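What TrEMBL says about this one:
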DOMAIN    1-196  domain 'GH16'
ACT_SITE  82  active site, nucleophile
ACT_SITE  86  active site, proton donor
CARBOHYD  90  N-linked glycosylation site
Ligand SMILES: *[C@@H]1O[C@H](CO)[C@@H](O)[C@H](O)[C@H]1NC(C)=O
């Protein structure tokens, strides 16, 4: 439960949106809104290099078709790394799509998409990223939905050298977001608002007080965390029942053969 006055967001700043993004209740909540003129976004002041990062998010309720809410870790520059959640809105009563991707040194094209086993607009749910030298795990309410293991021995690059900030933003993407662009944003429903609370980062920060070089491993169990058998089972359950797109099975996209991680995994 949120304790009033808990400043989860002291290390964040609203970076764009002309007042459409707000840090509220002494840092207990952030809201990001989108209307016809603009979306909005925030970012962390810290750059993280490995960590376990949790955020509770309540997505745009009602008719959110055409809107995209992105929530991701990213480094800077052409050869950037990125760990990406994007939430693609939908018409009332139709499921949201959770779109995930992963860039290593500038190379992405690793999309997996999911539906959820609950309505992400009626309450807060926890979206987590575990990132350590062994693995990257995307989770929803502690249920892993996607894992990208370190497969450097199979010549697959893994993000481990570049610090990443945490970003979120909401924008209009009705050219493609909902049913391939068929469904347009209904501006009579604006503003479209996503809400964030209970941010926690058990993480190493770049240049900050909690770099991994300065604290012992036993203080950061997430640095060696991997999925246990129960978590593996949950991951399989999600991938079997809720995954709606997997680049590793989309042969049309890769006529010259799948990327190496598809065969290694
Ligand atoms: C929206 O709902 C339709 C119909 O259930 C579904 O096929 C689609 O995946 C949903 N999400 C998006 C982003 O279109």
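Every residue, even glycine, has its Cβ placed from backbone N, Cα and C.
Source: prediction; values computed, not measured.
Locations of recorded TrEMBL features on the structure.
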residue	record	Cβ within 10 Å
82	active site, nucleophile	18
86	active site, proton donor	19
90	N-linked glycosylation site	22
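Separating the Cα atoms of the residue listed as 'active site, nucleophile' and residue 90 (N-linked glycosylation site) is a whole-number distance of 25 Å.
Listed in sequence order, the recorded positions among 82, 86, 90 whose CB lies under 6 angstroms from an atom of ligand 1 come out as 90.
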